[in-house]
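Participant: My structure is below; once you've seen it, I'll send some questions.
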């Protein structure tokens, strides 16, 4: 509302800063809450919701932004934020958080609310016992590590030789790398400059219509991810996603080079739109949603606070740098060269996933931590 009703630069910057802080908090808490309330069998599908809602917002801004005045576009966005705040009063607290506070009865009630419409027909005892073991281990770890000088549940302890292969260190390196590679793949630079990209490509379709079409494609593919994220697994989708993204950007780069060299590309002027749509499809089924909920799946409970805070901060810093560098890269090496760089970085991401990222599909938190090197 503040941003929409003012043309003062200082006020606009303040409003954007507050929006950024709010988005950062949501990026930390939403995946964690999902991981703590979700059944292992559908944790991946529920984890997609966070990224799905982002695509809904992007689609709305793409479509409404072409016709609505700036003020009304901001008012409509503020309405959804207020609605979300109201709905939060009607959902339960995380059972894991309640158990950490020794509120076992409230945790059982929360699980009944979350697991069944007919709450009296659900017996939460088995799940409570599993969560209680996790919580008890977390409490023991926090107590024991608080009296040691090297604490892998803190940032300084992660970078010691002793803890280099521990579950906290492994999860930290994996998630940090995934989120940074996610940004280096060019998704936000391409999203922010979509209109300019289509203008330069010389597409006969209106750049604003093309942008709206891409927003719709991204939304539909993220929605489709519900169907197979818990069937195909995280690693498979990440590998498929990064490889296809790299191939699509290489194709866009080739189109650009041919145009610069003077070849007639009139018959394939539609190619950048199609390849960019395929790029967004590939992103939406893999590197879009999966790193966010894998962050909650991999990180040990006792380290979730600082790990998520650090990696999300680095993620937004990488986003800022990539989007700021994009115009300069286009000027210095051309749009074709820029797309080629992003394409190569997506292949680097595929290699990293193949070599370093574990599969978490259908596994409990305990099983994941055992595989990362922890002991229960």
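Keep in mind that glycine also has a Cβ here, set from the backbone N, Cα and C atoms.
Note: TrEMBL annotation is automatic and uncurated.
Model, not experiment: these values are computed from the prediction.
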Participant: According to TrEMBL, transmembrane segment applies to one of these ranges: 48-65, 102-119, 120-137. Which one is it?
Facilitator: 48-65
Participant: Does the transmembrane segment (339-357) make contact with the transmembrane segment (71-91) through 3 or more Cβ pairs under 8 Å, each pair 6 or more apart in sequence?
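Facilitator: Since fewer than 3 Cβ pairs under 8 Å link them, the transmembrane segment (339-357) and the transmembrane segment (71-91) do not come into contact.
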Participant: Can you name the far-off residues of the same chain, 6+ from the ends of the transmembrane segment (236-258), with a Cβ under 8 Å from a Cβ of it?
Facilitator: 178, 181, 185-186, 201, 225, 228-229, 265, 268, 271-272, 275-276, 278-279, 281-283, 285-288, 290, 334-337, 339-340, 342-347, 349-350, 353-354, 357
Participant: Can you name the far-off residues of the same chain, 6+ from the ends of the transmembrane segment (207-229), with a Cβ under 8 Å from a Cβ of it?
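Facilitator: For the transmembrane segment (207-229), the list is 44-45, 47-48, 51-52, 55-56, 58-59, 61-63, 66, 194-196, 198-199, 237, 273, 276-277, 280-281, 283-285, 288-290.
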Participant: Give the nonlocal contacts of the transmembrane segment (306-327) in its own chain as ranges (CB under 8 Å, at least six residues past its ends).
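Facilitator: Non-local partners: 20, 24, 27-28, 31-32, 153-155, 168, 171-172, 175-176, 179-180, 182-184, 186, 188-189, 192-193, 295-296, 299, 338.
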Participant: What average pLDDT does the predicted model assign to the domain 'Major facilitator superfamily (MFS) profile' (1-361)?
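Facilitator: Mean pLDDT, the domain 'Major facilitator superfamily (MFS) profile' (1-361): 79.
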